[in-house]
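A.B. asks: Let me give you the structure first, and then I'll get to my questions.
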Amino acid sequence: MTADATNAAMEEPQKLDIKEKSFKRKIGMIIKQNGLILATFVGILLGFCLGLGLRELEMSDHALMWLGLPGELFLRCLKATIVPLVVTMVITCTATLDPRSNGKIAVVALLGFFLTQVVACTIAIVMFFIFKPDGTLTGDQDKKYGTDLETQDVFADLFRNFFPDNVVGAAISQTVTVYEKKESHQIIANSTNNVTKIVVTLERSIGKSDGMNILGLITICTAIGIAANATLSVNSEFLRFFKQAQDVMFVIIRWLFWTTPIGVLSLIAKSIAAVDDIAEVFRSLGLLVGAVIVGLAIHLLIVLPAVYFLLTRKNPYLFLIRCIRPFIVAFAATATSVAMPDMLTSADKNNVAKHVSAFVIPMSVTLHADGSALYITSSVLFLAQTSSLGVSVGDIVVTGILSSVLSLAIPPVPSSSIVTLIIIMTSLNIPLQGVALLFAVEWLLDRFRSGVNAISHVMVAAFTSAICGSGSTEQLEQNIESPKSTEIVQQISETDKDKEDETQRSKL
C-alpha cells in the first residue's frame, strides 16, 4: 500500500505536467490557426482608438493622406489580384463543367440574388415603421444633388457591360451612359429688336468609366471555358496553364493576407480621424443609422442563416464564423470586390463546391447587393418621411420594387448607392436636399452594408451549391485541384502517350 501510494504521488505531478503541456499545445494550435483573425481584430480596435485620438488634433489633409497610405497600398495590392484570379478561376471551372450544369448554376444564382434583395427591402420597410421619424431634416439648401441617369440607362449599361467590345478593355474600364450639357443660342426676332435666348440641352453618349468590368470578364471567360470544354481534354496544356496560374495567384494572396491588420488599422484610423463631429452626425441621423444597422443585423444573423439551415441542415453560425475575414476586409475597404479572395477561401472552408463558388462569387460581387438594397430602401423612405411630402403606401411599394431591381444594376460610379438612391427619389418626386446629410454617415453605413454584402455572396454560393449539388463534377475538381495536380497530370499524359505508342505498334 505504501509503495502504491508513493507511486500515485509521483504520477500526479507527471499527469499535471502532461495536462499543462496539452493545454498549452491546444492554445498554441488555436493561436496558430486563428492568429491572422486575432491580429485583424487587434488592428480594428487600434484603428478606432488611434482615429479617435488623432481626431482631436485636427489633422491636415496631408497628414490624413500619410495616415491612410498603408491601407491604400493594401487595397491596391488586393485589387491587382482580382482580374487574374477571376480569369483563371472562371476558365478553369467552366472548362470542367457540363454546359447544362453551368446554366442551372447561373439560373439558381440569379434567382438567389433577386430573392435575397427582395427580403432585404422588406426588412427595410419593417424597420421604417419601427424607427419612423417625425421631425424634418434640413440639409444644405444651397447644394443640389442630382443625377441625369435614368432607370433605362442603368439597365442599358448593365447589358452593355455583359458583352464588352474589347477583351483587354474589360479589365480596366466599364461602359457607362454620360450626359453632357450643351448650350445653344437662338435668336428670336421681334418687331423692335432681336432677342438672343440660351437653350440648354442634354446629349446622351456612351462613355467609359475607370474600373474593372467583372461582368464582361465573366462572360468572356465563360465562353472560353465552354469552348475549351468542347474541344480540349482536361489534361490539355491550355487548361494546365490556367490551373497553375490560379495556384500561383492563391500563393500571392496568402502573402497579402498577412498585411491585413496593418491595412485595416490604417483605413479605419483615417476614416474616423477625418470626421469632424461624430456626436452631431448621430444626433441628426440617429434613427436612420439605427434602422439600417438593425435591419442588416436581422438579415445577416436571422434570415440568411435560416435559409442556409433549411437547405443544408447544417449549423449556419459556424458558417458565419468562417466568414469573418471577408466581413472584416469588406468593412475596412468599403468594397466587396477587394474581399473576393477571402470569400473564395471562406467558401472552401464551408465545403461549398469549388466549381460553384468560383462561378457564383465573381458574378455575385457585380450583381448582388442585398445590404445596399436595404440601405437604399431605408434612406429613401426616411428622406421622404422627413420632407414636406410624407410617404404613402404606394411610395413604399414602389420604393421596395425599384430598390430590389436597381440593386442588380448599380451604376459603376463613386458612391453608387447614393446615385441609385437619387434615381429612385427622382422617380418618386422626392426633394433631394436631404441627400446631403447622408454623406455624413456614409463612412459608417457603407462599411456595414459592404460587410453584409460580402458574407451574403458566400451564402448565395452555398445556397446554389446545395440546390444544384456537386456530384461527379466536384470529384473531378478535387482530382484536378489537388496539391500535386501538376505531377498527376504529367503522369496521366505520359501514360496516354505510352498507350498510343503501343496501339500504333500493335497495328503495324
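Numbering starts at 1 and runs along the chain as it is shown here.
Glycine is treated like the rest: Cβ placed from N, Cα and C.
TrEMBL feature annotations, pasted as is:
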- 478-493: compositional bias 'Polar residues' (COMPBIAS)
- 494-508: compositional bias 'Basic and acidic residues' (COMPBIAS)
- 478-508: region 'Disordered' (REGION)
- 34-53: transmembrane segment (TRANSMEM)
- 73-93: transmembrane segment (TRANSMEM)
- 105-131: transmembrane segment (TRANSMEM)
- 214-234: transmembrane segment (TRANSMEM)
- 255-275: transmembrane segment (TRANSMEM)
- 287-311: transmembrane segment (TRANSMEM)
- 323-344: transmembrane segment (TRANSMEM)
- 356-377: transmembrane segment (TRANSMEM)
- 389-410: transmembrane segment (TRANSMEM)
- 416-441: transmembrane segment (TRANSMEM)
A.B. asks: Sort out the residues at least 6 away from either end of the transmembrane segment (356-377), same chain, that have Cβ-Cβ distances under 8 Å to it, and list them.
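C.D. replies: Sequence-distant neighbours of the transmembrane segment (356-377): 86, 89-90, 92-94, 97, 102, 105-106, 109-110, 112-113, 116-117, 119-121, 123-125, 128, 214-215, 217-218, 222, 292, 295-296, 299, 336-337, 340, 343-344, 347-348, 399-400, 403-404, 406-410, 417, 420-421, 424, 445, 448-453, 456-458, 460-461, 464-465, 468, 470.
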A.B. asks: So which residues does the transmembrane segment (287-311) touch in its own chain, when a touch means Cβ under 8 Å and the partner is 6 or more beyond its ends?
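C.D. replies: Residues 116, 119-120, 123-124, 126-128, 130-131, 133, 317, 319-320, 370-371, 374-375, 378-379, 382, 441, 444-445, 448-449, 452, 455-456, 459, 462-463, 466-467.
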A.B. asks: Out of 105-131, 214-234, 389-410, which stretch touches the transmembrane segment (73-93) the most, going by CB pairs under 8 Å?
C.D. replies: 214-234
A.B. asks: Do we see three or more Cβ pairs under 8 Å linking the transmembrane segment (105-131) and the transmembrane segment (389-410), pairs being at least 6 apart in sequence?
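C.D. replies: Contact criterion met.
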A.B. asks: Restricting to the same chain and to residues at least six past its boundaries, which positions have a Cβ under 8 Å from a Cβ of the transmembrane segment (255-275)?
C.D. replies: 36, 39-40, 42-44, 46-48, 50-52, 54-55, 59, 64, 67-75, 77-78, 81, 281, 325, 328-329, 332-333, 341-342, 443
